[in-house]
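For reference, the structure is listed below as structure tokens.
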Amino acid sequence: MDPRKSIDKPPHHDPILGVSSRWSVSSKDNKEVTFGDLGSKRIRHGSAGADSEMLSMSQKEIKDEDARLIYINDPDRTNERFEFTGNSIKTAKYSVFTFLPRNLFEQFHRVAYIYFLVIAVLNQLPQLAVFGRGASIMPLAFVLLVSAIKDAYEDFRRHRSDRVENNRLALVFEDHQFREKKWKHIRVGEVIKVQSNQTLPCDMVLLATSDPTGVVYVQTTNLDGESNLKTRYAKQETLLKAADMESFNGFIKCEKPNRNIYGFQANMEIDGRRLSLGPSNIILRGCELKNTAWALGVVVYAGGETKAMLNNSGAPSKRSRLETRMNLEIILLSLFLIVLCTIAAATAAVWLRTHRDDLDTILFYRRKDYSERPGGKNYKYYGWGWEIFFTFFMAVIVYQIMIPISLYISMELVRIGQAYFMTNDDQMYDESSDSSFQCRALNINEDLGQIKYLFSDKTGTLTDNKMEFQCACIEGVDYSDREPADSEHPGYSIEVDGIILKPKMRVRVDPVLLQLTKTGKATEEAKRANEFFLSLAACNTIVPIVSNTSDPNVKLVDYQGESPDEQALVYAAAAYGFLLIERTSGHIVINVRGETQRFNVLGLHEFDSDRKRMSVILGCPDMSVKLFVKGADSSMFGVMDESYGGVIHETKIQLHAYSSDGLRTLVVGMRELNDSEFEQWHSSFEAASTALIGRAGLLRKVAGNIETNLRIVGATAIEDKLQRGVPEAIESLRIAGIKVWVLTGDKQETAISIGFSSRLLTRNMRQIVINSNSLDSCRRSLEEANASIASNDESDNVALIIDGTSLIYVLDNDLEDVLFQVACKCSAILCCRVAPFQKAGIVALVKNRTSDMTLAIGDGANDVSMIQMADVGVGISGQEGRQAVMASDFAMGQFRFLVPLLLVHGHWNYQRMGYMILYNFYRNAVFVLILFWYVLFTCYTLTTAITEWSSVLYSVIYTAIPTIIIGILDKDLGRQTLLDHPQLYGVGQRAEGYSTTLFWYTMIDTIWQSAAIFFIPMFAYWGSTIDTSSLGDLWTIAAVVVVNLHLAMDVIRWNWITHAAIWGSIVAACICVIVIDVIPTLPGYWAIFQVGKTWMFWFCLLAIVVTSLLPRFAIKFLVEYYRPSDVRIAREAEKLGTFRESQPVGVEMNLIQDPPRR
């Protein structure tokens, strides 16, 4: 038996009567009120979602040309006039016929691929052919094939998922009954029936539910990740008509499809009557029906037009800073390539001029055919000018791998490997929410190692967002006795028909206040206390859900809602005897100290960030109409009746004290409405609710007009505890050189208190507070702060605290530069009373004025713009849904995971990727320069001693795998060393792992090594009878050995995979050379066997290795000995074990690490 059903309720009715019959009162113990002229009025959700950055068409204005008509239960008529999409979804990108052209088109968006395609095409021309036509295409074809296979596999999985989704079954009203129909065949305008625990196949407007009041409960986990149940309502006018679907006539005029899952704006016309529809009347695809037997609705959006599919766009695309910097070096390499080609062409021109009379017989340019073969033809010679032209482009073809085509695919593979290890890091797994780290943007892993500015939300990011009611101020009197003894209070419960109901969560109570509520309304003080807790129980959107316990006679009331603050306040009201036990579309039921009372909900203005408050108008059991309002003090005190000035003053004093303790505060007010006020509000509310143009603005205006002259009832104080490990994490990040900005909507006192508890602020910091109400005042405060910091030279101990009002003048005027100058000199920045759009503005302010990397982290929808504005966005999968996660590049469960993410994985990723890019430049340039040196000894022609297949396989097989393995597995320092010494993170901030200087050092080393590889065999075999193919094999093997040993010299942590990759590549290169030389049709037939059996071959190989790498080894040794880097010092300390014996420079991070996952 459901205790909610045991509460006596009148049968449902919705008469349209005169204004005179406003009330009726029933039994003494179960008081109820019905409003004859209004019926059992459903809850209206007005003034919702007014955040400017979150507004879409559904919450702004809708014009007739932007509307669409849906005829209820008439899909033929609906789809005849409008070409609506079907309900079939398609997340797959390709089909069998479009895969090849579309995939190639997408891949060739990379300019490098176009470059190699042009090279391959040039090689097909007879005048420019250097390599075999097949061999020249192979590198590009290999890269394209690998990417195509990966894309095809991913798309196959999408196709399979689409088929499963589209073939699910739903009940659709057809031919006078509900029939099963595949989801993909559902059309707009059809009426569908969804049963309990089923998932909705489309977006539908509710017509009726199994609950006679029209309420339905849905879970939106699949849509936004929130597990709390939400209520949606069918219109009272459609409940009775839905019983006879055959005669149901009407249409819906709604906005066109949009992505805003929190907004919907439409009108319904039935029997000539116009009804307004809002977000509370629509259920979206992906939602799951809960605690409701069935629901009927009409399809308004289907398939790709549903809000769920429109939001299925994934994380935003960003490019890493390292890859952007890499493009500069690629341009430099391109210029270097042009220089080499120009040198080859110019020297060839000089040589041709000098030897123009010998071209008939001289080697490489012989024009005459002296063979005695029949039909012999002279060699083609195109003349001096054309030969120079062709030489240049032939050089481009020969030296093409100077631009490393394999680098792109290598970077992708390395990032996938890095993401795998980040995702499976047990120390970034949150047991409380059972959530692992998510890497949603693979292409910016290395940016995690270069963060300089961190912008963090507070609520839900630094704190748990699990609110606990702490104390209250009623009529200016503080009730904050929070002695531990109070925790032994058994908690409030009621008995209904032998069933005990009690709140699911217990709240510590103030004994004085508890005793006051027990006295009823015996005194004025007790009356105000009762009004206060009645306000908390009634002024909200919480849904009470009754759940079973192990004791069949005891049931728990669980309060589900979208706001943790509201949940805490309703639980507090229940603890003091005001137990909310039922909410429907038109009324709420509250048990007040054993007496069940029913309140008709006449109207509800939900919270929005413009008003910063919410209000509800109730028809009370005493036949009065009362307005209850709660909101932020900044918005509430301005609408209070000034005659209560003394109470307001005392309340402000208590609010300041609460905020100084780090508590979140709200102010509660109320007033009774007379008949004329109510009727005036009701007519305005009805007009605004049914408006299709500017509805949100009209509702805000209606709310603002009624929310005036309030009597202050009291204020609440809620504690939002810091997440575990936040203080240690912030201190480590600051030691790492990361400037932490905390952006919060809380009061300044609350924000400062949290700043101290989180170690963002310290007691020895000098605080610069800027609270300005004008542009001139703001400018003067900033200039004084700038001068003060510059004169005292104490930037390391200065904290800047600025409020949202001041930021309005800063962000909208020319003060951004001044604020940036001040902030750069401060070690901590705290912004309070900040609106969501200001968060993004602050990030943009810093991002546009520095080349340093920025990271933003948050957990709610109000953090989305900030997350997307920053170079790196991190979402917390917390209590406020998944909007932040869906907009982020990385997602995790707790703020403290930023420490291992940045200081460990970020450092590793940056170091590895920077080294890998430089190494790829080096290994390709070595090979190209060997080919270039050879040109100088072949009359400046573009012939090569190295076989074309070795040229192709060099960057694909011979040297590619080791660099990928090192990029994924190598670690320059251990995890604990990086955590214990956050200063080591500065390596990335200072770009020590990759820079233009390092690039030029690498190129100088490349020139030396290529010269050693080429000239040692050249001079060793000078004057001998060795053929060019044998010499080419020696150069190939020497190059592979040298570049792999070069890599081996830089490996820090060896394992069997690293050994297999490096030494295996050398062995694989030798095997490939042997296989190529045993093919009779190739020019180097048996060459390796001829040269490999001589002692000179092995001597040259040894001499090349020593000569190439000895200078590098010596310089590296001297630099590390005389000018060691921080990383080198830390590495040596690791080897010697001195870190374990000494005190860490940073803070001990063991306290903020999760235990390994089981």
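Any Cβ shown, glycine's included, is placed from N, Cα and C.
If you check Swiss-Prot, you get these features:
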COMPBIAS  1-15  compositional bias 'Basic and acidic residues'
REGION    1-30  region 'Disordered'
TOPO_DOM  1-100  topological domain 'Cytoplasmic'
TRANSMEM  101-122  transmembrane segment
TOPO_DOM  123-127  topological domain 'Extracellular'
TRANSMEM  128-150  transmembrane segment
TOPO_DOM  151-329  topological domain 'Cytoplasmic'
TRANSMEM  330-351  transmembrane segment
TOPO_DOM  352-391  topological domain 'Extracellular'
TRANSMEM  392-409  transmembrane segment
TOPO_DOM  410-914  topological domain 'Cytoplasmic'
ACT_SITE  Asp457  active site, 4-aspartylphosphate intermediate
BINDING   Asp859, Asp863  Mg(2+) binding site
TRANSMEM  915-934  transmembrane segment
TOPO_DOM  935-948  topological domain 'Extracellular'
TRANSMEM  949-968  transmembrane segment
TOPO_DOM  969-998  topological domain 'Cytoplasmic'
TRANSMEM  999-1020  transmembrane segment
TOPO_DOM  1021-1027  topological domain 'Extracellular'
TRANSMEM  1028-1050  transmembrane segment
TOPO_DOM  1051-1056  topological domain 'Cytoplasmic'
TRANSMEM  1057-1077  transmembrane segment
TOPO_DOM  1078-1090  topological domain 'Extracellular'
TRANSMEM  1091-1115  transmembrane segment
TOPO_DOM  1116-1158  topological domain 'Cytoplasmic'
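A straight line from the CA of Asp859 (Mg(2+) binding site) to the CA of Asp457 (active site, 4-aspartylphosphate intermediate) spans 8 Å. In sequence order, Val742, Leu743, Thr744, Lys839, Ile857, Gly858, Asp859, Gly860, Asn862, Asp863, Met866 are the residues near Asp457 (active site, 4-aspartylphosphate intermediate), counting only same-chain partners six or more apart with C-beta under 8 A. As a summary of secondary structure, the topological domain 'Extracellular' (1021-1027) carries 0 helix, 0 strand, 7 coil according to DSSP. Cβ atoms under 8 Å from those of the transmembrane segment (392-409) belong to residues 110, 112-113, 115-116, 119, 122-123, 128, 130-131, 136, 139-140, 143, 146-147, 330, 333-334, 336-337, 340-342, 344-345, 917, 920-921, 924-925, 927-928, 931-932, 935, 942, 944, 951, 954-956, 960 of the same chain, restricted to positions at least 6 beyond its ends. Counting every protein chain shown, the Cβ of Asp859 (Mg(2+) binding site) has 30 other Cβ atoms within 10 Å. Within 10 Å of the C-beta of Asp863 (Mg(2+) binding site) we count 31 further C-beta atoms, all protein chains included.
In this structure, Asp859 (Mg(2+) binding site) belongs to neither helix nor strand by DSSP; it is coil.
Through the fold, the transmembrane segment (101-122) approaches residues 93-94, 128, 136-137, 139-140, 143-144, 147-148, 151-152, 330, 393, 396-397, 400, 403, 405, 408 of its own chain, all at least 6 residues removed from its boundaries and within a Cβ separation under 8 Å. Through the fold, the transmembrane segment (330-351) approaches residues 112, 384, 387-389, 391-393, 395-396, 399, 402-403, 921, 925, 928, 932, 935-936, 939-942, 999, 1003 of its own chain, all at least 6 residues removed from its boundaries and within a Cβ separation under 8 Å. Per-stretch counts of Cβ pairs under 8 Å to the transmembrane segment (1091-1115) identify 1028-1050 as the leading one among 949-968, 999-1020, 1028-1050. The stretches the transmembrane segment (1057-1077) and the transmembrane segment (999-1020) are not in mutual contact, being linked by fewer than three Cβ pairs under 8 Å (pairs 6 or more apart in sequence). Long-range contacts of the transmembrane segment (999-1020) within the same chain: residues 329, 332, 336, 918, 921-922, 925-927, 929-930, 933-934, 937, 1031, 1034-1035, 1038-1039, 1042, 1046, 1096, 1099-1100, 1103-1104, 1107-1109, 1111-1112, each at least 6 residues beyond the stretch ends and with a Cβ under 8 Å from a Cβ of the stretch.
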